[in-house]
Every structure is written in structure tokens, then in C-alpha cells.
Amino acid sequence: MKGCLATMDKELWIKRANDSLVKHFYEQQSDIEQREGFESKLTFGTAGIRGKFGLGEGRLNKFTIEKLALGLARYLNAQTNNPTIVIHYDIRHLSTEFAQIIANVLANHQIIVYLPDTYKTTPELSFAVRNLNTTAGIMITASHNPKDYNGIKVYSSDGAQLSTDASELVSRYIEEVGDPLQIDIPISKQNTSYIKPFPKSVTDDYMKHIQNMIGYIPKSDLQVVFTSLHGTSVPIVPELLKSLNFNQFNLVEAQCKPDPNFSSVQSANPEDHRAFDQAVELANKSHADLLISTDPDADRLGIAERDAHGHITYFNGNQIGALLLNYRIQQTSQLRHRLMIQSIVSSELTKSLARYNNVEYKEVLTGFKFIAQEIRQLDDHQNMIFAFEESYGFLSEPFVRDKDAVQIVPLIIKYASELKLYGKTLKDELEQIYQTVGRHEDTLFSHTLEGLEGKKKIESIMTHFRSNPPQEIQGLKVKAIEDYLTSEVYQLDKDTTSQIDSPKSNVIRVLFDEGFIALRPSGTEPKIKLYVSLKCPDFDDVAQKINAMIFS
């Protein structure tokens with residue numbers, strides 16, 4: 001009977017294919033991919049919804065977007081009288097169309113919608129929510145995912161992504177909508193009057209906040225190459241740099257044009273060195289010193305440095321975090337009660353640097369919304385000077401409540417330009433940090449374990465660490481094990497257990513005197529990540545052996 005219903009359901013969807021906006025994507029998919037759309041449902045989680053285009057409730061299409069929008073409209077009207085919202089969207093396939101669909105549904109429920117006429121960055125959306133004082137915000141993006149993906153992120157009134165509790169409530173409202181093929185959205189002039197143009201003044205204010213944060217960029221002969229990886233950071237980043245009287249940059253022209261197919265990049269992810277290939281070519285031709293890339297929605301940023309011999313040094317997210325924290329510590333020496341916030345899987349290096357400079361630090365779960373929650377709870381006397389995640393997400397000043405590559409680009413250029421005046425590089429500065437607080441090193445192993453066997457393997461690894469805590473790993477003596485699923489920390493040397501003040505998450509962190517390792521399964525994919533952050537000789541060898549021991 002279930003198979004018959006699935007077949008009927010598929011037939012109904014195929015009949016509506018011409019109206020779905022995704023017929024072309026569906027027709028390009030394999031039989032398995034097509035079937036997945038009918039055998040699963042998109043779920044609204046803590047990071048919103050992200051998925052492939054296609055037919056069925058397990059894919060993004062006109063009807064599933066209408067269902068999401070209707071659930072969100074009911075949620076907003078239940079939360080407050082006369083709700084308002086601002087929508088931004090990136091350069092991906094159907095981002096513009098999805099934005100208009102959502103705006104129409106919300107307007108149909110008497111919700112005022114601010115909708116721009118062009119693509120915008122994610123940090124601009126976070127700022128706009130705060131600047132316009134709206135009830136919520138929506139960002140339509142799938143960050144650096146492949147071209148056949150898109151997604152919807154929802155923001156609360158403080159410009160941060162929805163809390164876990166709010167996300168669960170929105171999810172329930174969406175589910176209560178029922179069959180997306182049965183939704184009827186009447187559109188009238190009276191309703192569309194609720195859709196307002198996005199004020200240019202908001203973008204101007206955002207630029208002013210960054211200009212005030214940077215002040216000026218000192219004159220040096222620093223040369224920069226920049227790529228937006230076909231995303232949203234052009235034109236805003238070049239305009240911002242020019243407004244700060246910095247013109248010594250070249251754009252990777254082929255990659256600085258919006259392109260939903262990401263035609264000129266193997267990967268639109270700044271974590272991936274391949275994303276820099278064309279930037280390296282241009283840097284060699286122009287003898288540039290600094291290479292910067294942003295991901296398609298401009299919330300994350302990667303950097304590399306070219307020396308006089310043409311050698312390229314790529315910095316990982318933790319190293320960029322350490323450099324930026326070091327610079328912010330220098331910039332804010334006059335402030336008291338300084339605070340740095342980072343995720344629990346980010347480096348020991350930045351914590352050591354904070355301690356050395358008498359800067360308080362806090363650790364939060366992975367996900368920038370948890371950093372935003374800490375910012376929201378700051379006392380009046382606390383000064384947040386920097387926040388970051390090892391996955392290349394950084395925030396210098398909290399007028400934005402999400403990762404913000406746009407404000408970081410001129411900050412890193414200013415830092416590099418100052419160093420250039422003294423004949424130094426970012427690589428030199430990182431080496432100085434190591435000499436000051438020790439050579440803490442970091443690496444990440446990501447394992448994809450498909451199918452039922454893979455799921456069992458992931459569960460087995462996590463269960464083993466919970467039920468049989470190791471005394472030592474590769475000669476490193478275990479001090480404590482933090483289990484964020486039970487919110488408990490077990491101190492091995494004292495044989496005591498205490499509570500962790502944190503929301504629950506399926507993460508285990510094993511602490512040593514030398515640093516930590518952390519295990520974190522994905523909530524949506526058949527993946528598990530191992531983070532290694534240690535100060536020890538032969539780091540690479542030790543990290544590889546730890547990985548082999550756990551996943552053999």
C-alpha cells in the first residue's frame with residue numbers, strides 16, 4: 001500500500017512539474033536522485049533548510065518553498081502583532097524566484113517584507129534585520145555547496161540565526177501546513193502592497209560601520225588579489241576598499257562575476273586550496289603579496305600569502321583566527337574586560353594567545369548562532385573584540401551577528417599593510433605567535449561512512465568513548481572527557497563528574513595537557529569529523545596515528 005501511495009504521489013508531482021520551477025533539474029537527475037525526492041522530506045533544522053532542486057517533498061521547488069513560507073508566516077503572526085521581515089538572496093539558481101515566492105506568501109499574511117532588487121551577502125542580511133528593526137530575516141543561500149543546491153536560513157530580531165527552540169517551533173508550523181501540492185496562494189494588489197523596496201540607506205549604514213571599524217589603511221606597497229568565487233562579495237568589497245582609499249588590489253575577473261554554475265572554480269569553498277588556483281595565477285603575474293577569497297554568500301573568508309620567490313602559504317581557519325585575534329588584541333589595548341569567543345572545536349592556539357594577553361575567552365557549540373547568543377548575553381562592561389570558528393568564519397565587531405567576511409577583508413588588508421611597512425608578513429607574525437605561546441597545531445579529518453553499516457560505525461565510535469573513556473591516546477594522558485550530549489565532563493584524575501553549561505549536542509571532546517581531540521558526527525549527512533588540536537612534537541604523525549586508531 002505504501003508503494004502505491006508513493007507512486008500516486010510521484011505522479012501528482014510530475015503532473016505539476018511545469019509549475020515547479022525545477023523541471024530542468026529533475027530531468028537531469030539519475031533515477032536514484034529522482035526517487036530520493038519522493039521518499040524523503042526536507043526538514044527545517046537549526047540552520048534552516050538546505051537541499052537539492054527537484055520534485056517531491058525531499059527537494060527544493062516552488063511548492064516546498066511555499067510550504068516553508070506559509071509555516072513561517074503562521075509562526076511570525078503567532079509571535080507578534082504586525083510582524084516585519086527582510087529577505088536577502090545570493091546568486092544561486094532560483095534564489096531570486098524563491099525570494100519572490102516567500103515575499104508573496106508573507107505579504108498574503110499581512111507581513112511587511114523588505115525585498116532588494118539584487119543579490120546581497122549574508123552579513124548584510126544580519127545587519128539589515130538589526131538596522132530595520134524587523135521581526136525576522138531570511139537569507140536564501142547554500143553557501144559553498146554545489147550548484148544544484150540552495151537553502152533558506154531564518155534570522156531572529158537581533159540579527160542572529162534562530163535559536164534551537166525557535167527553529168523547532170518553526171519546524172512544527174511548517175509540518176502543520178501538510179501537502180505542499182494543496183497550497184493555494186492568491187495574490188492581489190492589496191497583498192503585494194506589503195512588499196517594500198529595500199532601503200539603500202541600510203547598505204550605506206553597513207559600509208559606514210565597517211569604515212569606522214577600520215579607520216584607515218596605512219600606505220604601503222602591499223598588493224592584493226581578490227576573488228568572490230562567483231559570489232555576492234562583488235561589488236560591495238571593492239567599493240568598500242576604494243572608500244577606504246585602498247586601490248592596490250586586482251580582481252580575478254572571471255570569478256568576480258555572479259555565476260550560479262560556479263563555472264571557473266573546482267570548489268567555491270575558501271577552505272579548499274583549489275579555490276585559489278586562478279588567484280595564484282594572477283598573483284604571480286601581478287607580483288601580489290596577499291590573496292583573499294570569500295565564499296558565495298560572503299560570510300566566510302580564506303587567505304594565502306605569496307613571498308618574493310613566488311611561494312604560496314595557505315592559512316587554515318585556526319591560523320587566520322590567531323592572526324586576527326592577535327591584531328585585535330593590539331588594536332584594543334586600551335580596553336578593559338576584553339572577551340574572545342570561539343567554538344569548542346577551534347584551536348588551543350587562540351585560547352593560549354588570549355590567556356597570555358589577559359583576554360577572557362568563552363567556548364560555545366559549533367554554529368555561529370551560539371556565538372551570537374553569547375554576544376547577546378554580554379554584560380555592559382564586557383568588550384567582545386573577536387569571535388571565530390575554525391571553519392573560516394570570523395567576526396570582529398558585533399554590529400553583525402553572523403560570520404562576516406566583508407568586514408574582515410579590509411581588516412586583514414590593514415594588518416598586512418602595517419606589517420609590510422616593517423618588512424614583515426602574516427607568516428612572520430604567525431611564527432611570532434608560535435614563539436610566544438607555543439606551536440599549537442590543528443588538523444581535521446572528515447570521514448564519510450555511507451549506509452546502515454556506516455551509521456552503526458559512527459554510533460559505535462561515539463558509544464565507545466562514552467562507555468570506555470581512554471586513559472591515554474598515543475602516549476597523551478587523558479585529563480578529562482567532555483560529553484556535550486549528556487552535558488557532563490568526567491575528570492579522570494579526580495574520578496569526578498560535573499555539568500557543562502551548554503545546550504546538548506552530539507560532540508565528545510577529549511582533553512590532554514597538550515590540547516584536545518573532538519569527535520562530531522553530522523546531524524544531516526553520513527559523516528563524522530575528528531578535530532585534533534595539540535602542542536606536541538611530530539604533530540602530523542601523532543594526528544595521523546590518532547585518526548587511524550579511532551577509524552581503523
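Placement of Cβ uses the backbone N, Cα and C atoms for every residue, glycine included.
Residues Asp295, Asp297, Asp299 are given by Swiss-Prot as Mg(2+) binders; from Ser143, Ser446, Ser460, Ser467, that same site also lists Ser143. Neighbour list (Asp297 (Mg(2+) binding site), Cβ cut-off 8 Å, at least 6 residues apart, same chain): Asp90, Thr121, Thr122, Met139, Thr141, Ser143, Gly231, Thr232.
Taking the centre of the Cβ atoms of Ser143, Asp295, Asp297, Asp299 as the Mg(2+) site, the nearby residues of that chain (Cβ within 8 Å, site residues left out) are Asp90, Thr122, Thr141, His144, Gly231, Thr294, Pro296, Ala298, Arg300, Lys403, Ala405. Look at Asp295 (Mg(2+) binding site): DSSP puts it in coil.
In sequence order, Ser143, His144, Leu229, Gly231, Ala268, Asn269, Pro270, Leu301, Tyr392, Ala405 make up the list of same-chain residues 6 or more apart from Asp295 (Mg(2+) binding site) whose Cβ falls under 8 Å from its Cβ. Taking a C-beta cut-off of under 8 angstroms and a sequence separation of 6 or more, Asp299 (Mg(2+) binding site) has the following same-chain neighbours: Thr121, Thr122, Pro123, Ser143, Gly393, Asp402, Lys403, Asp404, Ala405. All protein chains included, Ser143 (active site, phosphoserine intermediate) registers 23 other Cβ atoms within 10 Å of its own Cβ.
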